[in-house]
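Peer 1: I have a structure I would like to understand better, so I am pasting it below and will then ask my questions one at a time.
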Amino acid sequence: MPNPQPHGHRSLPRSRRFTYGVGHVLNDLCASMWFSYLLVYFHKVVNFSNVLAGQLLMVGQVSDALCTPFVGYESDRTRSGCGYGRRKIWHLVGSVCVACSFPFIFNLCISCSKSPDWAQFIYYVPFVVIFQFGWASTQISHLALIPDLASSPSLRVELNAIRYAFTVLANVAVYAIAWLLLGLEDRSNHHDLSPEDADEFRNLAFIVIGIGLFFSFIFHMGTTEPLRPHRAESVTEEQPNVQEDEENEPIIKKKLKRRKMTWKCWLKEVQFYQVALLYMCTRLMVNMSQVYMPLYLTDTLNLDKAYIATIPLVTYLSGFLSSFAMKAVNKAVGRKMTFFLGVMCVLFACDWMWVPNIGLQVYGAAVLLGVGGSTVLVTSLSMTADLIGENLDSGAFVYGAMSFTDKLSNGLAVTLVQTLHPCSDTNVCCDACQSYYQQVMVFVPGGVGLLALLVLATLICKPIGIKTEFISERQMDNSAEHVPVEYGAIRSTPHMNDTDNSEVSLTTCDA
């Protein structure tokens, strides 16, 4: 069994950065279809009502929300995954579940396509639940690998940027294939989506699964997870014996202990909720614009069905190109200012879409959405990694909790939008539907963006990361002196004037 990597900054070869980056491609491909085409597929192809289509997406989001904390908790508890890696074993389980269930979602009900809508709804629910469990298992295990593979904040940003770059490429692939299937077919009198397009969505689902499994294989063959021993309640850190302070006075550093952060400890941290709310706002901005862009294009702008592939394609190409600048921008202006700039891009895009009948100017708004969405997503994930810092034993729980807020909020938002639809109970639309999706595309991402700025303002004065304090007892008077302080992966230099060997540990969690 490989030896655990030493505590401290860990280098990562470029080949392993690549193999790590492709580990989420299967999820990204499926998520692109799920968010971009689920509503439009079930409403216009399967002929579900707006409410029923929204409820099916809600079932998926709630299932994902419930699975993510469970997967995160169990992933943290898993010791070594039978020598394969505790994160990688959960990733493998998730990939199998996704591959086996997703094709059934974008396929007409087998032997029941003529049945009542409620019967077909029941048929699809188990496949949606299995898919979301697998998706959550893959996502959480893949995210939790970032702190395990990289202790350097800059390397974590780079891994998040690489991961997001492949997310964008996966989305680009989905939209490009969808454009080939929907836009280049020889149907001169078939410009709108209808049940006749069922075969195209089925073929798209099978192609997506095939490509995703290929990249999952690369991830599992090329990524080596640092195997970590099962930690006790406290973690001992060795410090150098002697160092000099700024006044050249000798400082004696000692062996120190700290308690690891458990899930109960995280729930007591205010910053945990601040970062979770920021991540939730990020996902709402990105996902809601992705969900309703096809309906905005077809129902509000009355564009040809091929545009439901080309416009999102432009969005994700813009995001892909901007992701290359994430590391440099974060280093130049910091996490929080980078996030602010991303939100402003999203707000400008919403303002542009408020203009009536913008026609092909929607390409400009799509570019701003891509750049803004890429920026806020990469930065919020980097903030989450900073929050975890050196608390790797509970990293999967943190990512699971963040994802819980993401999935539940998206499900509730979609359900609310679909319920408020002017033609919510029918599978046909009236004139009022034309302006409805324009309002959704403007006020939902725009309003959430403003909320994100308010949450960001509460984090301005504090570095992101959980503070861990160590104390040492003086041998002479038994008084305690606080020594090192950690914020995420950034550690200050401890100063001790005593020379005794006694040690005691303390964290911000009253364990």
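Numbers here mean position along the shown chain, with the first residue as 1.
Keep in mind that glycine also has a Cβ here, set from the backbone N, Cα and C atoms.
Computed from a predicted structure; not experimentally measured.
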Peer 1: Tell me which of 46-66, 256-276, 361-381 corresponds to the transmembrane segment entry in TrEMBL.
Peer 2: 361-381
Peer 1: Counting Cβ pairs under 8 Å to the transmembrane segment (337-355), which of 89-106, 204-222, 306-325, 361-381 comes out on top?
Peer 2: 361-381
Peer 1: Apart from its near flanks, which chain residues at least 6 from the ends of the transmembrane segment (204-222) lie with a Cβ under 8 angstroms of it?
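Peer 2: Beyond its ends, the transmembrane segment (204-222) has Cβ neighbours at 15-16, 18-20, 22-23, 25-30, 33, 88, 91-92, 95, 98-99, 102-103, 105-107, 166, 170, 173-174, 177-178, 181.
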Peer 1: Quickly jot the same-chain residues contacting the transmembrane segment (361-381) by Cβ under 8 Å, restricted to those at least six beyond its ends, or write none.
Peer 2: 143, 157, 160-161, 163-164, 168, 275, 278-279, 282-283, 285-286, 289, 293, 297, 301, 311-312, 314-320, 322-323, 326, 329-330, 335, 338-339, 341-349, 352-353, 355, 445, 452
Peer 1: For the transmembrane segment (121-140) and the transmembrane segment (89-106), does the number of C-beta pairs under 8 Å, pairs 6 or more apart in sequence, reach 3 or more?
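Peer 2: Yes, the transmembrane segment (121-140) and the transmembrane segment (89-106) are in contact.
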Peer 1: Looking at 20-42, 89-106, 306-325, which one has the highest count of Cβ pairs under 8 angstroms to the transmembrane segment (161-184)?
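Peer 2: The stretch I would name here is 306-325.
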